[in-house]
Amino acid sequence: MEEGMNVLHDFGIQSTHYLQVNYQDSQDWFILVSVIADLRNAFYVLFPIWFHLQEAVGIKLLWVAVIGDWLNLVFKWILFGQRPYWWVLDTDYYSNTSVPLIKQFPVTCETGPGSPSGHAMGTAGVYYVMVTSTLSIFQGKIKPTYRFRCLNVILWLGFWAVQLNVCLSRIYLAAHFPHQVVAGVLSGIAVAETFSHIHSIYNASLKKYFLITFFLFSFAIGFYLLLKGLGVDLLWTLEKAQRWCEQPEWVHIDTTPFASLLKNLGTLFGLGLALNSSMYRESCKGKLSKWLPFRLSSIVASLVLLHVFDSLKPPSQVELVFYVLSFCKSAVVPLASVSVIPYCLAQVLGQPHKKSL
């Protein structure tokens, strides 16, 4: 088993080395792709846009992103996946030959296990939702039929082009092995396809959001404590990252498994608070919500304010404080874009709109 994994890892190292040597000019592109593929952009950019254009799509997108990343965390704890940037330096596989030279970058040194790839899984799930939802919206509305078929082909080609670039980016940056990004893409699609058959998420009560958030948190902590009780160190990757990352400042606490868990659960709970708030009912369920300028204003205001909000980083000196603030910060994102911002805009635009009617 170990020998087989060593061969698989060596293939990944050779792939990374090949990309870094032959595509040096593409370094900035691969870094950009990796940054864009970060799940944070699904919360801060894609969710506000889709929610105010097609509310149901926005809700499903966020659920797929959160549950997908939660499952990614559980998978990583089970699979114990290595990462190329530390494995190539830590293994004795190359004891009888020269160690391949692998470059590291500021976005390389993530601290969690490597399998499956979170970037690939998140991107696949989120973009699968967007493609299938877009096709569902335009199905029967675009005639003749061949135009819809052209749209279908274009969107799916775009989808796979995005997945290919994300996968190559993660391999190039020595953050993942090839088999890890493939597993991420397949897992992300599976999560998104599953949620296409779950309709209860669109009218879930605040109690249901609370119970699901509590269950996800309790399961993750319970699973962590169980494995720890069995002698399994689930934070083994943090030591690897701190030991083998070229620059200590490239190791960030916000890439640890618990940071990801708290951010995702905060986002889901914040969505529940927002969708069950009076501000949401007054602004997004009234006649004004059908007015295109109101929707566009909500999108623009959300993107601007969330961009400013994203620049505020919780202090990381004390881990517990960092995790609590990360949860609260993530909860504010959907709360602001779904209820607070539309409500404030409704107060400003409501009276002129009524007069025009």
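Indices start at 1 and increase along the chain as displayed.
Using N, Cα and C of the backbone, Cβ positions are placed for all residues, glycine too.
Topologically, per Swiss-Prot, VAL57 is found on the same side of the membrane as MET279. Of the candidates ASN96, ASN203, Swiss-Prot records N-linked glycosylation site for ASN96; the remaining residues carry no such annotation there, which does not rule it out for them.
Outside the topological domain 'Lumenal' (82-117) by six or more residues, the chain places 6, 9-10, 12-14, 16-17, 20, 27, 31, 34-35, 72-73, 75-76, 167, 170-171, 173-177, 179-181, 183-184, 187, 237-238, 240-241, 243-247, 250-253, 255-257, 260 with a CB less than 8 A from a CB of the stretch. Within the chain carrying the transmembrane segment (29-49), a Cβ under 8 angstroms from the stretch's Cβ atoms is held by residues 23, 58, 61-62, 65, 69, 105-107, 118-120, 122-123, 126, 130, 165-166, 168-170, 172-173, 175, 267, 298-299, 302-303, 306-307, 310, 330, 333-334, 337, all 6 or more beyond its ends.
Within the same chain, residues 253-254, 326, 329 sit at least 6 positions outside the topological domain 'Lumenal' (313-320) and bring their C-beta atoms closer than 8 Å to a C-beta of that stretch. The residues of the topological domain 'Lumenal' (313-320), classed with DSSP into helix (H, G, I), strand (E, B) and coil, number 2 helix, 0 strand, 6 coil.
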